[in-house]
Amino acid sequence: MGCGGSSEQKQREWKPLEDRSCTDIPWLVIFTLFCIGMACIACFSISTGAASRLISGYDSYGNTCGQKNGKIEGVELSGRDQTNNKYVFFLDPCNIDILNRKIKSMALCVSRCPDIELKTYTDVKKFALQNGSELCSYDIPVSKYPSHGERSEKCPKLPVPPSNSLPVFHRCTPVDISCYAQFAEAFVTFVSDNSMLHRVVAGVMASKEIIMGLCVLALVLSIILMVVIRYISVVLIWILTALVVLGSIGGTGVLWWLYVDHRTNLTDQTGTSPTPQQQVATDNVQALLVYAIIATVFTVILLLMLFFMRKRVALTITLFHVAGKVFTHLPLLALQPFWTFLSLMLFWVSWLGVLLFLGTAGSPVQSEETGLVEYRMSGPLQYMVWYHAVGLIWISQFILACQQMTVAGAVVTYYFTRNKSQLPMTPIVSSMLCLTRYHLGTVAKGSFIITLVEIPRLILTYIHNQLKGKENACARCLLKSCICCLWCLKKCLTYLNQNAYTATAINSTSFCTSARDAFFILVENALRVATINTVGDFVLFLGKVLIVSCTAFVGVLSLNYQRDYTVWVMPLLIVCLFSWLVAHCFLSVFEIVVDVLFLCFAVDTKHNDGSPGREFYMDKALMEFVENSKNMAGRDRPEADGDGREMKPMT
């Protein structure tokens, strides 16, 4: 179960796709038991009456609307029969507590929501007599509504707006939700007048067809880009390289020119008596000299790195080219973001529902300040909430890891199948079946490691937000440093996990063995890994920017064509945000494919040399890269043998 003491030999032969066996079974058992615990919490929260309180609602005395209730000790108006009173009515529905995100008002169970505006307490009395729906506290007789001394606290705030009940959730909601709009306007800091929000919402609603069309356009552009990026990656990478070189050389030259110019001006003034301005000029000259030296050193190092890594940049271009081929042979890869997103949405919705049930499953407690009843969690319920929160992180990471393993399995099958015509009919489906049958334990273990890092990071982030403005500078810096370190650790572990899943897909080994093998291969090819991650990530970033820019450009033209839309900010923001998310989802799959291809390439070149019996598995484009590397190495080192040993850095 642990990562140490593996019984497998350190030097062993990789046998891609030959032996397949179950991996990390103990972790599959642990994950299954954990999911059973999540299911038990869900059943408990629903069976203890929390579901009825959530759906039917309850008043401020602890009575659930629409049913008979038991007496709560110390609460006089509890234990009432509310069978005929099925709706929750708030005395002041617009009194919203921003911090606690709830309506800060007394709630009552009523038989009917007021469907007309009630301007006086006499109107409230008439409505109660005519409809049998009492809108004041239960201890105030209907006849005393207009004259009771506590009517301002225990009767609704005047005027009472007309309201309707929500479907399923029986809450009386005002027909005119202007108070909620005003509440939302408080969060919009850039709005200078109250009408701006209404105009923005009107613009969004009026342009909803255009927004939906542009979102579909972003989806289509993302799919097209994944196929054609292999043709434009060469241009993008060399443009990037040229811009970096020109920018570094130009910036260094400008700094040296400014240094010489300022020094010349300072020399012309040396004959006069020193002044504060001259002292400032002297400091500027010294600063420019330091900046110029630093820029020169940086430029020299950068140029040397580009010179020695030029062949590795060529490998990045080749991998992008092969990744584009993979998507043409495995078109179902493009659907992976859909399945992952759908699975996450279903899980998050169910998780949120259980959390809401847990929130109302607490014990009734009478508030000392208001005397009203609230349901608060204590004892075992609090531990259930923490267990439920850990489940959110672990299962979410498990779903994401399943996507990585599925993509890795399909790409590994494609790479290590010499005759592409013998590929399975649907490699993605075959990879999913293989994951379900053999490697769920490996995915569970990898996702749990990410969870162990994510939990303390989220806790520290929460503490930092709660203490904002209260802690001293040292504590704030320490918290931010810890959060940043944990974030970096999570990114590193995520990358290592992804390569471990690839190693598992290749050789069907356990998580720790796969992670160790993948780590050694990545270390042996550290410069290539750095090149692929930097250059490749920047190219994918440019692809995301391209999709967002094209979508926004078409959006501007469309909104300009429809002259009815006066506020473009929100529709364009929605479109740009959605297009960025879509591009990120699709190109992240492309990034996974590139990383999987690189590890397969590294394993292939490490254990094969192209000789009879040890033929390469790689694609023709990668084979050409290997041949070019051999030829260049042969010219650089004439004494080297011609048996492919020039690939020594990868062995």
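Any Cβ shown, glycine's included, is placed from N, Cα and C.
Database features, via TrEMBL:
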COMPBIAS  633-651  compositional bias 'Basic and acidic residues'
REGION    632-651  region 'Disordered'
TRANSMEM  25-46  transmembrane segment
TRANSMEM  210-229  transmembrane segment
TRANSMEM  235-259  transmembrane segment
TRANSMEM  288-308  transmembrane segment
TRANSMEM  314-334  transmembrane segment
TRANSMEM  341-365  transmembrane segment
TRANSMEM  385-416  transmembrane segment
TRANSMEM  538-559  transmembrane segment
TRANSMEM  565-587  transmembrane segment
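Beyond its flanks by at least six residues, the transmembrane segment (25-46) meets 1, 350, 354, 357-358, 361, 384, 387-388, 391, 394-395, 398, 440-442, 444-445, 448, 511 of its own chain at Cβ-Cβ distances under 8 Å. Looking at which of 235-259, 314-334, 385-416 has the most CB pairs under 8 Å to the transmembrane segment (210-229), the answer is the stretch 314-334. Remote same-chain partners of the transmembrane segment (288-308), defined as residues 6 or more beyond its termini with a Cβ less than 8 Å from a stretch Cβ, comprise 241, 244-245, 248-249, 251-252, 255-256, 258-259, 262.
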